[in-house]
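Working notes, structure below.
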Protein chains: 2
Amino acid sequence: MPQSYSSQSMTNNVDAATFKFSVVNEAIFSCTVLQEAFKRYEPLIFGRRPETLYFHSQARRNVGVSGDIDELVVQLGKPCNDVDAPSLQSDESYKLTVQNGQAMLSANELWGVIRGLETFSQIVYQSPTGGMVVNNTVISDFPRFNHRGVMLDTSRHYVSKKTILKNLDAMTQNKYNVFHWHIVDDPSFPYQSANFPELSQKGAYDPETHVYTQSDIQEIIEYARLRGIRVVPEFDSPGHTQSWGKGRPDLLTKCYSGSSPNGQFGPVDPSNNATFTFLKQFFMEVGNAFPDKYIHLGGDEVSFACWQSNPDVQAFVKRMGYSDYSQVEQYYMQQLLDIVGGLGKGYQIWQEVIDNGAKVQADTVVEVWKAGWEDEMNKVTKLGYKTLLATCWYLNYISYGSDWTKYYGCEPYNFPGTEDQKKLIQGGETCMWGEYVDDTNLMSRLWPRASAVAERLWSAQSVSNVQEATPRFIEHRCRMVGRGFPAEPINGPGFCREEYIVD
Amino acid sequence: MPQSYSSQSMTNNVDAATFKFSVVNEAIFSCTVLQEAFKRYEPLIFGRRPETLYFHSQARRNVGVSGDIDELVVQLGKPCNDVDAPSLQSDESYKLTVQNGQAMLSANELWGVIRGLETFSQIVYQSPTGGMVVNNTVISDFPRFNHRGVMLDTSRHYVSKKTILKNLDAMTQNKYNVFHWHIVDDPSFPYQSANFPELSQKGAYDPETHVYTQSDIQEIIEYARLRGIRVVPEFDSPGHTQSWGKGRPDLLTKCYSGSSPNGQFGPVDPSNNATFTFLKQFFMEVGNAFPDKYIHLGGDEVSFACWQSNPDVQAFVKRMGYSDYSQVEQYYMQQLLDIVGGLGKGYQIWQEVIDNGAKVQADTVVEVWKAGWEDEMNKVTKLGYKTLLATCWYLNYISYGSDWTKYYGCEPYNFPGTEDQKKLIQGGETCMWGEYVDDTNLMSRLWPRASAVAERLWSAQSVSNVQEATPRFIEHRCRMVGRGFPAEPINGPGFCREEYIVD
């Protein structure tokens, strides 16, 4: 739901044969993002029989024709070029006006055009007489939050490039703008490193078929950029690194039973200087491979038992004068943060890094994921850090029935804190952890449930009534199905005019 | 897991280029079921790289080569022909012997060959050196239960013919033998009747795109027959019939508020003789369209409130001298049972019909679906009726995690009753009700969870150890994925050598 939306009962005919996108000033539009967006949206507008639209069922529909629309005129506030990429600071606002045979979309930045094209594609519908029409409409829109992410976990199960790309299409059509790529974790290391090929050679489920090559990654990043989506990779450490140890066993702490190693490995070994030499080289590569300002450094769920058992770490603790193993974690993260900060990168981190007292850069984005998020968001924003909410939106957890209302009802501002603290909330992330998800079920499990979170993060805080959202949600589910996404039914019995076509 | 299985460490090479199915006596094999089965199983055996097999990891694998297998010789106990169809009495037993370059599959009936071919396809695997091999193996196998069904609900959401056919493939590869087709219900009536076209014209979600034509139905039945699967259609009444009323409003009871109809409709109206005239004609058509001996007549969840409000039904109750509206339900079901029995058909029914005291044919199959199934199965078998268990296997209900162990652990014999009573247990059904399921997610939600039920219904009662079943289950999930089914991951992190290929 746009921030401001009004429509009238008069409609305009939109004829696929004559319709085109046009631009106010040709010279400033010589960029791939726009050209590709125009190519994408023409079939999305005309290639299907859209459902009866919620938007227009709000107005009286189709009571008279006020004109024929042959073009959507696009106006952009500044020249675009092929190095433009979305960022946390992107301006995604746009204005869309359809009036008596004229249609105009204007935005300050490219990314607003991308969002506005999606909206335009949603308000064109098939009239009862068969032709495509759009009501006279005025929309002025912008996102409530700048960071609206979907996290995929490609370590617990491998997810194909094809599914990742398809999911980026679903994301942009739901106005998501960050793909948080939890690319490696304990079970497997599918990132194929240019400088450390042994990591995926030994750590991937299969070094040939279950990896992301550098070329795959560049393709995914470019595909995302064209859709106004940032790719923030997560290389979680010092815990969740078992798969790193397959290729580089020296990296992990050897766990001891009594006086000898027991064959198990723990978190990254912070007592070994070679650890940080490797991490610096590795993150330099990652920083180049992923051009976004931010890298997610993880830092969650570090178990101390193995560190405590290891004589080298014990000696290190003594040497450093630590009284507590959380100081080891703090030390490790501090070294890592300094390395990555030194590469000119910002970082996103899980909440534990702050809870453990590490000193982070001012522009750090802290992701809150544990229960009791209200107090944590209060705490993190009091410290002055940019914050994301994830706790409410672990969509890998499933339950029977229309559970989207639960995700829809979670309000990021519902924590004790001042207005200034709330300004630090950058948005949130829908998380799809991979224990029970792979190419067989990822898309149908994520969509349309993630659409509920998308509206929470885009629309005004006051847009929160489930009864009002339900028909929008049902319609949008069918829109996605009609566009070829296996978005599952989620509101009890019903149907879509165009059902999903199985292969 | 077969009833009896032994294998040795010696393997036989199986070369796709030279392998063929052959028959002992050509004359008795001139039937489509076998010819099509041979065509199906060749690519299933050779068209993929099977996982390391559980079966053979039980024996020492591949320690020596005992021969080359150029053919699987199939022996059948009696001539087959093109009118053969599976039934509740089918003999699905088979013997499979692989020994020193010889492979033999023998069965009394066609359906045993179908099951044995599936088993053979599962024991051939890729050796570490790349070739396909099969260990010396002796299998003697038969199902524990004769009725192993999957119920799909195509009324709450429409399911395409393509998905139904694909599901029949998955079913036969899991040795299921009954497709219980819950084809119509309150929300929609997708069955396109030859004699009463108004039923789907008015009652389907869409009379053109959301229906099953007579030709669709014949195609589905034949596809199922070729795979040894019966198709038992369910036309549930007198409740669950709201969609019937769209095309035939006279069929349903008009509900009253005070002295006038309130626009609502209740169950089928038993006070109107025209009801039974229609039902007789309708079920005559259904009986012809679906050649299986059995039709499922439903009979579940009948609400009395509307009957109680209606003056005609009130008068009927008075005329009949009834003291209770459950007698109205009993009357209705008795009329219907007599009609359908008179057509030479048997019927399957939900447990309420027996609970309400209707007199049913001796060969009736009663399906137990409510909680407290142990007592109900005791009661129904004491009355001498054939019984199916469904309560444990409502797979439309989902929960987070490896829930297949719950389905696997439900034992149909675990009710108080004599051995003679237990002999009346015909098996059970996996039910996939359609509130939250359509083409977008049906297959991944049903499989491989339904495989757990499949083994419970096929294998010996003693095959019930979850730890032993787990590697079999994981391997089978990957087998299905490799064969092109989106069987979801269900045992935590992991991978398949061949992952599902998304379209």
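Just so it is clear, glycine is given a Cβ too, placed from its N, Cα and C backbone atoms.
What TrEMBL says about a protein is an automatic prediction, not a curated fact.
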Disulphide bridge to A:CYS255 as given by TrEMBL, partner from A:CYS306, A:CYS392: A:CYS306
Could you identify, going by TrEMBL, the member of A:CYS80, A:CYS392 that forms a disulphide bond with A:CYS31? A:CYS80
Near chain B, which of the recorded positions A:CYS31, A:CYS80, A:CYS255, A:GLU301 can you find when the cut-off is a Cβ distance under 8 Å? none
Cα-Cα, whole number of Å: A:CYS31 (disulfide bond) versus A:CYS478 (disulfide bond)? 32
Argmin Cα dist to A:CYS80 (disulfide bond) over the recorded positions A:GLU301, A:CYS306, A:CYS478, A:CYS496 returns A:CYS478
Let me know the most crowded of the disulfide-bonded residues, choosing from A:CYS80, A:CYS255, A:CYS306, A:CYS478 and counting other Cβ atoms within 10 Å. A:CYS478
Across the whole of the domain 'Glycoside hydrolase family 20 catalytic' (A:145-460), what does the mean pLDDT come to? Round it, please. 97
Same-chain residues at least 6 apart in sequence whose Cβ lies under 8 Å from A:GLU301 (active site, proton donor): A:GLY239, A:HIS240, A:GLU352
Sort A:GLU301 (active site, proton donor) into helix, strand or coil using the DSSP assignment. coil
Find, among the disulfide-bonded residues listed as A:CYS31, A:CYS496, the one whose Cβ has the highest number of other Cβ atoms within 10 Å in the structure shown. A:CYS496
Cα distance (Å, whole number) from A:CYS496 (disulfide bond) to A:CYS255 (disulfide bond): 56
Where A:CYS478 (disulfide bond) falls in three-state DSSP terms: helix
DSSP tally for the domain 'Beta-hexosaminidase eukaryotic type N-terminal' (A:2-123), helix/strand/coil in that order, comes to 38 helix, 39 strand, 45 coil
